[in-house]
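Enquirer: Shown below is the structure under consideration.
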Amino acid sequence: MKSTAESKETPSQDESTTSVPCTEAPLVEEGEEASFGAYKRIFTFAGRTELILQAVAILAACASGAGIALQNLIFGQFVTVITDFTNGISTPADFRDNAAELALYFVYLGIARLVLSYTYNTLLTYAAYRIVRNIRHAYLKAALSQEVAYYDFGSGGSIAAQATSNGKLIQAGASDKIGLLFQGLAAFVTAFIIAFVVQWKLTLICICIPVATIGTTGVVAAVEAGHETRILQIHAQANSFAEGILAGVKAVHAFGMRDSLVRKFDEYLVEAHKVGKKISPLLGLLFSAEYTIIYLGYGLAFWQGIHMFGRGEIGTAGDIFTVLLSVVIASINLTLLAPYSIEFSRAASAAAQLFRLIDRESEINPYGKEGLEPERVLGDVELENVTFSYPTRPGITVLDNFSLKVPAGKVTALVGQSGSGKSTIVGLLERWYNPTSGAIRLDGNLISELNVGWLRRNVRLVQQEPVLFQGSVFDNIRYGLVGTPWENASREEQMERVQEAAKLAYAHEFISELTDGYDTLIGERGGLLSGGQKQRVAIARSVVSQPKVLLLDEATSALDPHAETIVQKALDKAAEGRTTIVIAHKLATIRKADNIVVMSKGHIVEQGTHESLIAKDGVYAGLVKIQNLAVNASAHDNVNEEGEGEDVALLEVTETAVTRYPTSIRGRMNSIKDRDDYENHKHMDMLAALAYLVRECPELKWAYLVVLLGCLGGCAMYPGQAILMSRVVEVFTLSGDAMLDKGDFYASMLIVLAAGCLICYLAVGYATNTIAQHLSHWFRRLILHDMLRQDIQFFDREENTTGALVSRIDSYPHAILELMGYNIALVVIAVLQVVTCGILAIAFSWKLGLVVVFGGIPPLVGAGMVRIRVDSRLDRQTSKKYGTSSSIASEAVNAIRTVSSLAIEETVLRRYTEELDHAVSSSVKPMAATMICFGLTQCIEYWFQALGFWYGCRLVSLGETSMYSFFVAFLSVFFAGQASAQLFQWSTSITKGINATNYIAWLHQLQPTVRETPENHDKGPGSGAPIAMDNVRFSYPLRPDAPILKGVNLKINKGQFIAFVGSSGCGKSTMIAMLERFYDPTTGSITIDASTLTDINPISYRNIVALVQQEPTLFQGTIRDNISLGVFNPNTQPFFSDKDAVKSVSDEQIESALRAANAWDFVSSLPQGIYTPAGSGGSQLSGGQRQRIAIARALIRDPKILLLDEATSALDTESEKIVQKALEGAARDGDRLTVAVAHRLSTIKDANVICVFFGGKIAEMGTHQELIVRGGLYRRMCEAQALD
């Protein structure tokens, strides 16, 4: 029969609510195209200082650009000097003196360019750092201010990854590229002004060049911006999906889900790749049109100039040469607009995506200052006729005309089935949501009229699945003091309060035993603590501020019986004088409540005290009977609050000596630890990185061939110009028809050059984007796949938080896209042009060529390579620093309910901003140093042009080279300098691409310890039993000095049901991790069917094992998808295959598994049934519903070994009873071996063997009856949970 209560869905209180769409199709919504309005808005985030810096920088860039154009005047005078010498007007000595004087102007220009280019690059880059910092700050502030429903809808994308990756795109488009743009525009304008002054008629003809070029660039950039925006949207949702996968990496390993999930991730990438392919013809058009238009205009100008000269409209050849050189300079700088326009387009698209969230007004804004803040809080809570449906499912009513009065200072308990609305009341009291109708009051005031921050600071919450933040234990508990008078107290005062709260939560003792006590770092989401330890720290965090209203949503669900009893007493004490609302499935924890409210279907079924409800013999009494344990307590067996008894004390004495490992073992542990450290990796240089990228995708050979041929054709542009312009000078020595005929011929040659540019750059633009999009797709998929291959200890490392990893998944492939797109073509063309121009110079005038090429090119290239090397180191450092800020953002947004309930939005934002400020400040000095190298790359060309001009004229005057040869050689050197200067304008993209390639290559070759190898490929686990543990000792790899298991000996036979019980942190869950082979023993061994576990193929072994975790992990997708992921299919294809084992699971199998987990009733009652989206992390389901889906996923696997780590901790009493029967049946199904960790002893009392852990060892072992008779630790645990 269907349970109607279950149809009233309660979205989870789980924290993994970041933002994947609730629906499965379409993959992304169509977004609005980013406009350059978004680009302009970027600069509204600049402060006064940044605006001043930008203004100074732009002036410097314009001056630098003017300097580029002023060389045309020098060239004009140079032609006059040449003409005078050729015509015999000046002597060789005068010729050399005049040449030396003109050469000095080049030296001065070089010095000016050095100062100006250094100035504008440094100032603009620093200003961009600050602007992007402000945008990221505003973005995270907006994210933290959104109401919880925003995340329920999956509206956010991966917020942390977007803040980092989109910030990098904005940085790229709002820093030095602006200076290069203004420099180019200034050079273009100045060159045309010079040309107008010299010969206005001829210059007017050349106006067609910029008009056509800018028009083409504008149209293409607008269309391309729309595609870029769409790609960013798809990648944002792909990143969010990846975030959910990485957050649940243990489940991925346990069930072998990697290939299926990566394939699902790839569906997003395929969609993005389709859009990316549409950019290829646009880039082909953009580059080919620019160069073609320029050379067509150039040919037209030369043809017209010759004819005007022949008609006497132009007086001297020098004027034509000055105009033509001005057109060349203007054209060269105009061609740079194309790649810059793409950078600006990407920056605009990235900014527009961030601005959408920044502009969104939250319905419940925690930053708001409005609302009442009463001076005194009594704690009277009243819900009056409250009706509520979650925004994601408006058709399902969770609370229906619900009314409840909670008197001040009293304890009110809420019990009932999962999905009955208990946790919904908590969400409404915390103002995560507003009721659909009805009123909620605190001390008579509508909570909607109270200040949100004030309300949450006075109504504290401990959640069912507590979330801690990266940092120390002290930091986490101190968060509870935010917004109180003790927030800014001294550390000593805060520590005193923190310790008092920890003692109240029965956490002080275990915290004191940690390596660094309260300063011990606990890892991402508190991952280095056990579930019970995390829960106690969360309780301490909530009570440290001494709130007037306390909400406990299954606050003791993860505690062992002894700790639960003590903590419950502490909570009972803490509840004195304050209003407490308790949600509990363990009825022992609420029997002393002043009022127990039994809920079902959003209504109150019955309420009263424990005694009155027992006497009524109704629903509550039935639940109590289910949980009672058969223990006859005696007076002397009462729970001892101070210790576990004498037997425990003896154990402690024996354990103190076992704390160190032999040197060889420690050496092995350190080597494994160092292996996962990227900083120890030897980095590839640029050529090796490029070679790796080419080798990685051999299917792109055709595209690389097209690019190479196109680059070879494109590199002929500058040498061709040098030869043609040298011939132009010869034309002016002729007269009459001969001059016009030669002029027409060379003008037609420029048209041929334009045609060649059209073909070459069309091919290059199309092929490079094809390569870039393919590599981006491939490496996004590969980097996630390779991350999921790694051992669990890889994810335990501080630098490998979920947020940091997702940021790398997004930013590194994009860096490769930038490198291997048009940038690599421009770099290759520039390199080939330097080489060909150098060869041409040496060929026509070997003395001049050798002196200038080997005197000027090496220092220029050297300065550029030094910049790339320094820039690469800086990029690695800043990426690491920004990774820290990304981790803060990721954990805050993933834990949005915890952040909001603690009202610590400002604190999180301050931490995030401090990390951003640290990243900016620490980058300034090395960035300023790299800019010196950049300045040198921009000025050295002028210095070797000066050398070439002076030495070349000297050779001409001495008759050692002809005038034509000198012109060819000198112009070749001039164009080589232009090419080399352009080459290093893209050094930032080069360094980022090289660093990204290095990380991806390192990760790809990094082999996990737990993997399939040729040696173990055919070694299976046999029958899966017996399992024997021989003196197993274990310390987590990152905490070698903190032993968890201290010599465990155990044998589990086929078909047995074994239970592990004991206090939190004693090693129970670690045993499960050992059996799942998340880690290997530090010393000792585990054997399966007489084979050592480390010698068995881990894939084959895990195929016979199923795991249900204490905090179940679900992934974005439907309920069906999540259960299907539990099925092992021996024919599963690798991730790059289109086949998927998940699709082969029948609906009948799904239904059978759901029925076994007591989940079929609630699933079948949903409108979409098994095709209902579970949401990111299962956020659309309640905790109990998620747990049952996880159990169904384990049961559908039909495992030989079933591992249950608090598998029923989130279930209500009735569901637990049914599911427990199913699990017991599953445990006795055939020869299945079952290992269960449990704090609810009623769930394991029928186990064949119960192992009581204490201090990393098995203290007691036996059946339930045997251990009760023995009267030790286990008996006292049972007494703590007895209800009668």
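Including glycine, each Cβ sits where the backbone N, Cα and C put it.
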Enquirer: Out of Asn333, Asn995, which one does Swiss-Prot list as N-linked glycosylation site?
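Expert: When Swiss-Prot is consulted, N-linked glycosylation site appears for Asn995.
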Enquirer: Can you tell which of the glycosylation sites Asn401, Asn488, Asn800, Asn995, Asn1122 lies nearest to Asn385 (N-linked glycosylation site) in space, using Cα positions?
Expert: Asn401
Enquirer: Taking each of the glycosylation sites Asn401, Asn488, Asn800, Asn1122 in turn and counting other Cβ atoms within 10 Å of its Cβ, which one has the fewest?
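Expert: Asn488, out of the glycosylation sites Asn401, Asn488, Asn800, Asn1122, has the fewest neighbouring Cβ atoms within 10 Å.
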Enquirer: Restricting to the chain of Asn995 (N-linked glycosylation site) and a gap of 6 or more, list residues whose Cβ falls under 8 Å of its Cβ, or answer none.
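Expert: In sequence order, the residues whose Cβ lies under 8 Å from that of Asn995 (N-linked glycosylation site) (at least 6 apart) are His683, Ala815, Ser872, Asp875, Arg876, Ser879.
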Enquirer: Could you tell me the C-alpha distance between Asn401 (N-linked glycosylation site) and Asn1122 (N-linked glycosylation site) in angstrom, no decimals?
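Expert: Pair distance, Cα basis, whole Å: 34 Å.
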Enquirer: Compare 55-75, 745-765, 846-866, 931-951, 955-975 by their Cβ pairs under 8 Å to the transmembrane segment (178-198) and return the stretch that comes out on top.
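Expert: Stretch with the highest Cβ contact count: 55-75.
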Enquirer: Any contact between the transmembrane segment (846-866) and the transmembrane segment (955-975), i.e. 3 or more CB pairs below 8 Å with pairs at least 6 residues apart?
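Expert: Taking Cβ pairs at least 6 residues apart, the transmembrane segment (955-975) and the transmembrane segment (846-866) are in contact, with 3 or more under 8 Å.
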Enquirer: Would you mind listing the long-range same-chain contacts of the transmembrane segment (955-975), meaning Cβ under 8 Å and 6+ residues beyond its ends?
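Expert: For the transmembrane segment (955-975), the sequence-distant neighbours (Cβ-Cβ under 8 Å, at least 6 residues beyond its ends) are 82, 85-86, 92-93, 95-96, 99, 718-719, 721-723, 725-727, 729-730, 833, 837-838, 840-842, 844-845, 847-849, 852-853, 856, 944-945, 948-949.
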Enquirer: Mind pulling out the one from 55-75, 282-302, 931-951 with the most Cβ pairs under 8 angstroms to the transmembrane segment (99-119)?
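Expert: Comparing 55-75, 282-302, 931-951: 931-951 has the most Cβ pairs near the transmembrane segment (99-119).
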Enquirer: Does the transmembrane segment (745-765) reach the transmembrane segment (320-340), going by 3 or more CB pairs under 8 Å (6 or more apart in sequence)?
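Expert: No, these stretches are not in contact.
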Enquirer: Is it possible to get the count of other C-beta atoms within 10 angstroms of the C-beta of Asn385 (N-linked glycosylation site)?
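Expert: I get 13 for this one.
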Enquirer: Which sequence positions outside the transmembrane segment (931-951), separated from its termini by at least 6 residues, show Cβ-Cβ distances below 8 Å to it?
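Expert: 64, 71, 78, 99-100, 102-107, 109-111, 113-115, 117-118, 121-122, 125, 847-848, 851-852, 855-857, 859-860, 863-864, 866-867, 870, 969-970, 973-974, 977-978, 980-981, 983-984, 987.
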